[in-house]
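Annotations for this protein, taken from Swiss-Prot, read as follows:
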- 3-33: zinc finger (ZN_FING)
- Cys10, Cys13, Cys24, Cys27: Zn(2+) 1 binding site (BINDING)
- 79-108: zinc finger (ZN_FING)
- Cys85, Cys88, Cys99, Cys102: Zn(2+) 2 binding site (BINDING)
- 108-129: region 'Disordered' (REGION)
- 108-121: compositional bias 'Polar residues' (COMPBIAS)
- 143-173: zinc finger (ZN_FING)
- Cys150, Cys153, Cys164, Cys167: Zn(2+) 3 binding site (BINDING)
- 198-219: region 'Disordered' (REGION)
- 202-214: compositional bias 'Polar residues' (COMPBIAS)
- Cys436: active site, nucleophile (ACT_SITE)
Amino acid sequence: MTEHGIKWGCEYCTYENWPSAIKCTMCRAPRPSGAIITEEPFKNSTPDVGSMERDIGSPLICPDSSARPRVKSSYSMEPSSKWSCQICTYLNWPRAIRCTQCLSQRRTRSPTESPQSSGSGLRSIPSPIDPCEEYNDRNKLNIKGQHWTCSACTYENCAKAKKCVVCDHPTPNNMDAIELANTDEASSIINEQDRARWRGGCSSSNSQRRSPPTSKRDSDMDFQRIELAGAVGSKEEFELDLKKLKQIKNRMRKTDWLFLNACVGIVEGDLSAVESYKTSGGDIARQLSADEVRLLNRPSAFDVGYTLVHLSIRFQRQDMLAILLTEVSQHAAKCIPAMVCPELTEQIRREIAASVHQRKGDFACYFLTDLVTFTLPADIEDLPPTVQEKLFDEVLDRDVQKELEEESPIINWSLELGTRLDSRLYALWNRTAGDCLLDSVLQATWGIYDKDSVLRKALHDSLHDCSHWFYSRWKEWESWYSQSFGLHFSLREEQWQEDWAFILSLASQPGASLEQTHIFVLAHILRRPIIVYGVKYYKSFRGETLGYTRFQGVYLPLLWEQSFCWKSPIALGYTRGHFSALVAMENDGFDNRGAGANLNTDDDITVTFLPLVDSERKLLHIHFLSAQELGNEDQQEKLLREWMDCCVTEGGVLVAMQKSSRRRNHPLVTQMVEKWLDGYRQIRPCTALSDGEEDEDDEDE
């Protein structure tokens, strides 16, 4: 027999290994299980063929031996003795209980079927199952369970390998637990059967063929069990980690998620996430816990004890740091009517949803059926000054009020309107996210937020169903606006369509910022004009001018018939990417209102005069006018008078009259405001009593 015939070839790398090797020298792949050794490999003298034939029926190497076969018998090499897998048709060795390729269970053979014998001159194999061959199959099954297949190059690696030895692909985390369980179960069954057969087989065998001491076998099997237990243990640890993370997530509340989103937003530069957490009433000084750091799973960015301020300093977010430090220094809990009365607020939201209808016809735009205008109650003036200050701190946005009044004379710049005509405007506080425009519109009408995105849905559906109408107005207006600034250019229709598709997409995304076109559509949904008082320039947090805002002006529902719309407008304020509702306070209605103010002698009606000119007495722009509607200032003033109840005050200011009535207002809104105001009335007596006592003491002195 030649040397090439004695060696066995590896089925993975084809390397020729020595017969005593149990693994491939090159790739460490296990030796394929086949026939058993039929001669003593360590004899000094070479046996003849006759002795081989005499000893073929009684193998010399028992299950406890670590040696591997040298010469394969004719029985094991006969192809017809193999069984075909019913799943993948692979030919497996007769002793295999599972398919080598797909690990599917061997089909149970019927009593009529019998394996074909080779019919050669060799003696037939005895009917009892050979413990050595049984051991080979079991060993192969264990080895199969100790390996994992690389998903990139399909190479089988050892279980303890962290990455593929061929392509360095990492070990997959999702190990097949079913395969490991089946392998372990099958191995335990074979072990029990093997031990029972080994007791019977070894008792009747010759003393010269007795196996070596079992310490070698036990050590090998212990090593295999350790490898398999390590693989199972690592999977158990992975499952425990997943279970722990799931428990942490189940304990998380909405505020916790907003806090984590704010932390990630600082790292990634997302200001909206920080503002969402801030407006929800979250604690700016909150620190990251160990569970939260584990859930974020970014040790390089997050650490236990970090706050939003720490993260802003670490990642050099100067703009976010300015907002956070301002919030820490001026932290005041907000208390608006919608927060105090959640039950009434939900009923109002249902009323709004029920009042949304779609107009039949060519212009199938959605609209609201009710005319509601929110005003602050006049009873606030009856509260003590300290209580009034507390109320205004909790319901108003002081930063917006200061920017619109002091930094730029945008609102309340006329003493005539603010004092004598009681038309002072107040900026209500709302969420500083992308929904601020929709929130401010509902606050100016119903006094609540667009929490359920009812108004956003109506906005998106109106833009989608009436896309042709709004698209024509938008395209014509954008072209004229660019030319008015001396920008003479033309866009392809594909570019116009892309920009319009972006505007449509913003309307469908909750939290997305909205543009001038969306205000124009909202004016049609409300069926009333919208006046926006805003800053003229975009500015950075350092005060640097970045560009024009283009939001200030009047938005008329030009695509409706005038008879279908109301002439009482609402007012919004715009400051640095944020919209706020501008509302007035109720008045008694019997003061001298100036020239042109007709109150119909109804004391219950509150009239607020909204200026249609800026502080320089220039007429506000009317957005989205067509070429036929564009004209000089007199023509635009005429158009404003057609769509709104306008008058000129004694000071010569052109104003639009916003009329509201507590008696005609929606009863749910009235109940909500009264319940909110009762909370401040309850703290009035103590303060009033102490002030009265001090006044009496002063008089006595």
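Backbone N, Cα and C atoms are what each Cβ position is placed from, and that goes for glycine too.
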Near Cys10 (Zn(2+) 1 binding site), which residues of its own chain have a C-beta under 8 A away, given they sit six or more steps off in sequence?
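When sequence neighbours closer than 6 are ignored, Cys10 (Zn(2+) 1 binding site) has Glu16, Asn17, Cys24, Met26, Cys27, Ala29, Arg31 within Cβ distance under 8 Å.
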Would you count the other C-beta atoms found within 10 angstroms of the C-beta of Cys13 (Zn(2+) 1 binding site) for me?
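Taking every protein chain into account, the count is 12.
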As a quick check of your reading of DSSP, tell me how many residues in the zinc finger (3-33) are helical, how many are strand and how many are coil.
4 helix, 6 strand, 21 coil
What same-chain residues, at least 6 away in sequence, bring their CB to under 8 Å of the CB of the residue listed as 'active site, nucleophile'?
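Non-local contacts for the residue listed as 'active site, nucleophile': Asn430, His578, Phe579, Ser580.
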State the Cα to Cα distance, in Å, between Cys164 (Zn(2+) 3 binding site) and Cys13 (Zn(2+) 1 binding site), rounded to an integer.
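One finds 15 Å between the Cα atoms of these residues.
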Would you mind splitting the zinc finger (79-108) into helix, strand and coil residue counts from DSSP?
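For that range the per-state counts are 3 helix, 6 strand, 21 coil.
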If one looks at the chain holding Cys153 (Zn(2+) 3 binding site), which residues at least 6 apart in sequence have a CB under 8 angstroms from its CB?
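Same-chain residues close to Cys153 (Zn(2+) 3 binding site) (Cβ under 8 Å, separated by 6 or more) are Cys164, Val166, Cys167, His169.
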Which ones in the same chain are close to Cys150 (Zn(2+) 3 binding site), with CB under 8 Å and 6+ residues apart in sequence?
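Spatial neighbours, sequence-distant, of Cys150 (Zn(2+) 3 binding site): Glu156, Asn157, Cys164, Val166, Cys167, His169.
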Among the binding-site residues Cys27, Cys99, Cys167, which residue has the fewest other Cβ atoms within 10 Å of its own Cβ?
Cys167
Take the C-alpha atoms of Cys102 (Zn(2+) 2 binding site) and Cys13 (Zn(2+) 1 binding site) and report the distance between them in angstrom, rounded.
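Rounded to a whole number, the Cα-Cα distance is 21 Å.
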Around the Zn(2+) 1 site formed by Cys10, Cys13, Cys24, Cys27, which additional residues qualify by having Cβ within 8 Å of the site's Cβ center?
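So the extra residues in range turn out to be Glu11, Tyr12, Thr14, Tyr15, Asn17, Thr25, Met26, Arg28, Ala29.
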For the Zn(2+) 2 site given as Cys85, Cys88, Cys99, Cys102, which other residues of the same chain have their Cβ within 8 Å of the site's Cβ centre?
Gln86, Ile87, Thr89, Tyr90, Asn92, Thr100, Gln101, Leu103, Ser104
How many Å lie between the Cα of Cys99 (Zn(2+) 2 binding site) and the Cα of Cys13 (Zn(2+) 1 binding site)?
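Cys99 (Zn(2+) 2 binding site) to Cys13 (Zn(2+) 1 binding site), Cα-Cα distance: 21 Å.
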